[in-house]
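The peptide binding site annotation in TrEMBL covers Q129, C130, Q131, P276, Y277, G278, G279, M280, E281, R562, M563, K564. Under the heading Zn(2+) binding site, TrEMBL lists H305, H309, E328. Here TrEMBL flags E306 as active site, proton acceptor. The active site, proton donor annotation in TrEMBL covers Y393. Taken from TrEMBL, the feature domain 'Peptidase M1 leukotriene A4 hydrolase/aminopeptidase C-terminal' covers 469-607.
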Amino acid sequence: MPPVDPHSYTDGDHPVTAKAALAFYLDFAASTIHASALLTLSAPHSGDLLLDTRALAVHSASTASDPPSPIPFSLADAADPVLGSALTLTLPPDTTSFLLTFSTSPSASALQWLSPPQTASSLPFVFSQCQSIHARSVFPCHDTPAARITFDLLLNVPTQLSAVAAARHVSRRDPLPSDHRGACDDALWCAPGRIVEEFQMEQSVPPYLFAFAAGGIGFRDLGPRTRVYAEGGDKVLDEAAREFAGVEEMVKVGESLFGPYEWERFDLLVLPPSFPYGGMENPRMVFLTPTVIKGDAAGAQVVAHELAHSWTGNLITNKTNEDFWLNEGFTTYAERRIVEVVQGEERAALNMGIGWRGLNRMMERFKDNMEFTKLKPKMAGIDPDDVYSEVPYEKGFQFLWRIERQIGRPAFDEFLKNYISTFKFKSIDTETFLEFLKTNVPGIENQIDLQLWIEGTGIPPDAMEPESAIYKKICSLAAEFKSGKLPSEDEVADWSGQEWELYLENLPTDVEASQVTALDERYKLSESRDYEVKVAFLQLAIPTGCRCYFNEVEKCLKQVGRMKYLRPLYSSLARCSGEEKMLAHRIFSEAHEFYHPIARSVAESILSKHG
């Protein structure tokens with residue numbers, strides 16, 4: 001059984017799922033989905049077939065024939081802590097399709113169920129987050145990016161709720177007994193007060209891009225193919241519409257740089273504050289944290305990143321999580337090219353500067369396990385969420401920028417468009433990319449040490465810190481902080497959150513409490529509406545013993561579930577002794593129910609590591 005992916009039970013000798021027809025009854029009271037999945041394979045198969053699951057209760061398996069015949073199945077007794085449980089089906093000869101019925105667990109790692117008191121609309125809410133390996137907690141599947149699927153989806157929800165998905169919306173209609181294929185009984189599926197939202201995804205996507213949400217969701221149109229959705233009423237929708245008003249222009253810029261936009265629509269969903277990421281690039285329906293709404297259009301850079309995924313990540317996908325840089329390195333490069341056109345070269349350089357600081361910070365984080373500073377690390381037995389970092393983003397970006405500098409931007413642009421058109425709707429590994437690079441840029445392996453970039457640890461010597469006047473000025477001001485010099489009001493008069501973030505990221509870590517409080521007294525950084533600035537400041541303040549900021553730290557950890565903020569704040573507290581460490585444990589004990597399961601697990605591992 002040759003493994004396709006170290007994070008999947010998928011057998012390389014067997015066909016994989018090519019299409020899924022899913023019917024989901026969303027039981028908000030039980031935080032459970034009762035479901036059926038009609039799965040179609042890429043080729044006929046006989047005998048054992050393995051699917052990935054995590055904490056699913058599988059009720060039945062049968063052929064898709066009329067009448068159906070039961071299919072023997074077994075679920076592994078003991079779940080692997082990373083992979084979950086293998087579902088083994090024994091298929092009759094030449095099976096192409098089969099039907100499963102199952103239920104999710106209230107603790108499903110992909111799903112967060114919010115009760116009415118936890119939402120702005122006072123209505124229940126649920127959303128999914130399947131990256132990296134969490135689709136298996138929603139439905140049995142070959143949960144590897146190597147196995148792309150199309151899908152149909154029926155979501156049965158209470159009539160007062162609306163649903164969205166990363167797919168084309170077909171209709172909102174009354175439930176029919178023929179819909180559910182055994183997901184639940186007819187009386188439950190067709191009960192008064194229920195409605196069905198129907199979706200269809202005709203383009204193949206990796207399972208981690210399967211996504212949906214349901215709750216008190218409204219929307220505003222932004223352009224002919226862009227719309228913003230949100231839970232939280234008119235205030236959130238109006239703020240989001242202002243923040244993302246330029247999205248249609250960004251799509252056009254992306255098309256000019258990377259070729260046609262293949263997904264028809266580019267809609268955005270602003271989720272409740274517990275969403276664990278900045279954004280998730282689900283095709284046709286990007287999921288966003290509300291922390292990207294800053295009131296100055298700076299959140300558009302997160303949208304630029306998710307938009308760039310429409311070409312690099314969604315259209316061409318990493319084959320496994322060991323090749324994650326193919327998604328994120330390319331997308332970070334593409335994001336900065338879009339930002340350069342839309343917001344200017346200086347803004348793109350600031351973005352690069354923040355990324356450079358982040359990459360250097362990751363070298364410190366992984367100093368005891370430098371494997372995870374490689375572009376292609378060995379990941380067998382490792383939960384991708386535990387080692388999620390800026391390395392694939394920023395080291396990947398640096399690698400591509402190095403190639404661009406070597407061959408020139410016009411030649412690299414031509415290479416990039418050729419790469420996208422050659423591999424679109426495919427999942428590839430690093431070796432495939434390198435072969436394509438060497439074929440299309442003859443001699444590149446003699447000009448750049450490709451092996452060092454891919455397999456080497458640390459930051460290669462030919463990586464480059466960005467150059468720009470504003471970047472150099474901010475770094476210079478940060479260097480002066482050590483001697484007690486604060487930036488003057490004139491020097492920061494034109495700064496937005498991004499300039500402040502870069503300044504704070506470049507400050508020395510061994511600063512005095514008095515310096516931190518003096519900086520905050522002048523510029524009120526601990527009270528910033530921009531969480532990038534607030535968290536960078538609080539991360540600086542915690543090790544100095546400034547207990548006056550404990551309230552802000554607690555407020556931040558209880559109001560926002562984005563892992564980009566949870567990880568550094570919990571880590572900073574837990575690394576201290578005494579009161580700070582106790583504070584971290586108390587806050588987590590009070591806030592953990594607010595966090596998405598992925599974020600909860602990451603915070604738990606931080607606190608466990610530091611005792």
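Even glycines carry a Cβ here, placed using N, Cα and C.
Note: TrEMBL annotation is automatic and uncurated.
Since the structure is predicted, the reported quantities are computational estimates derived from the model, not experimental observations.
For the pair H309 (Zn(2+) binding site) and Q131 (peptide binding site), the Cα-Cα distance reads 14 Å. In terms of C-alpha distance, the listed recorded positions Y277, G279, E328, Y393, M563 place G279 closest to E306 (active site, proton acceptor). Taking CA atoms as the reference points, Q129 (peptide binding site) and E328 (Zn(2+) binding site) are 17 Å apart. Under DSSP, the residues of the domain 'Peptidase M1 leukotriene A4 hydrolase/aminopeptidase C-terminal' (469-607) split into helix, strand and coil as follows: 105 helix, 0 strand, 34 coil. Cα of E281 (peptide binding site) to Cα of H305 (Zn(2+) binding site): a span of 8 Å. Once the Cα atoms of Q129, C130, Q131, P276, Y277, G278, G279, M280, E281, R562, M563, K564, the listed binders of peptide, are compared pairwise, the greatest separation found is 17 Å.
Long-range neighbours of E328 (Zn(2+) binding site) (same chain, six or more residues apart, CB within less than 8 Å of its CB): G313, P392, Y393, G396. On a Cα basis, H305 (Zn(2+) binding site) lies 8 Å away from G279 (peptide binding site). Cβ neighbours within 10 Å of H305 (Zn(2+) binding site), excluding its own Cβ and spanning all shown chains: 24. Surrounding the centroid of the Cβ atoms of H305, H309, E328, where the record places Zn(2+), the chain contributes additional residues within 8 Å, namely E281, E306, A308, T312, G313, N327, F330, T331, T332, A334, E335, Y393.
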